[in-house]
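Remarks on the structure that follows.
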Amino acid sequence: MKVAAKKLATSRMRKDRAAAASPSSDIENSENPSSLASHSSSSGRMTPSKNTRSRKGVSVKDVSNHKITEFFQVRRSNRKTSKQISDEAKHALRDTVLKGTNERLLEVYKDVVKGRGIRTKVNFEKGDFVVEYRGVMMEYSEAKVIEEQYSNDEEIGSYMYFFEHNNKKWCIDATKESPWKGRLINHSVLRPNLKTKVVEIDGSHHLILVARRQIAQGEELLYDYGDRSAETIAKNPWLVNT
């Protein structure tokens with residue numbers, strides 16, 4: 001399943017700030033959603049008993065008809081199967097995305113140049129789910145009509161994220177102010193530490209941002225908006241040099 005996405009950048013980009021979505025089909029295929037489960041294993045070495053023969057050569061100790069449990073205590077394994085681990089990870093990701101749990105791990109700050117941005121208050125490992133890009137999900141045709149309406153008002157910034165999923169074009173419109181922090185993450189093509197993915201949860205698709213690498217506490221979160229059209233670059237050169 002191929003997914004492509006871009007976040008629209010326009011000349012009316014909001015003054016206080018300054019995507020190709022990675023392929024993903026559903027939660028089952030999400031790439032290392034988070035470090036949600038681990039397991040440990042223990043193993044023992046079994047040394048077979050030696051056959052003993054008397055000097056007369058007539059006595060042989062034969063253990064072939066005995067149960068191994070007579071000699072070794074059976075220990076219950078605490079190891080989980082790979083399916084159990086995968087199911088637990090998927091369930092944890094589902095809850096985290098739907099409940100917006102990670103919002104509390106991020107903070108809004110103001111930069112003198114870019115305006116508002118988002119920093120992390122905790123460390124993230126490569127592949128961890130960080131935050132969802134939340135807004136109003138709509139089909140491409142509807143989004144283009146709304147985009148045209150926005151273009152008539154220079155006071156409205158661009159928070160529309162266009163992407164393709166299952167061979168169909170969609171858009172998430174996060175223009176309206178909200179408490180969701182994903183909409184305030186700034187752009188960087190030179191040093192992004194996040195990437196976008198589309199996952200399906202309970203029949204609905206969600207655009208999420210995951211760590212491209214280890215991210216340290218206090219770092220600003222950044223991802224590549226992905227818009228490379230000539231018109232957009234001409235109006236917003238910072239898209240290719242930040």
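Note: Cβ is positioned from N, Cα and C throughout, glycine not excepted.
Summarising the annotation, Swiss-Prot assigns S-adenosyl-L-methionine binding site to Lys114, Gly115, Arg116, Tyr159, Asn186, His187. What Swiss-Prot records for 30-43 is compositional bias 'Low complexity'. The annotation domain 'SET' is assigned in Swiss-Prot to 104-226 on the grounds of sequence analysis. Residues or ranges marked as region 'Disordered' in Swiss-Prot: 1-61.
Note on the domain 'SET' (104-226): mean pLDDT across this stretch is 93. Cβ-based crowding with a 10 Å cutoff singles out His187 as the top-ranked of the binding-site residues Lys114, Arg116, His187. DSSP places the residues of the domain 'SET' (104-226) in helix, strand and coil in these numbers: 18 helix, 55 strand, 50 coil.
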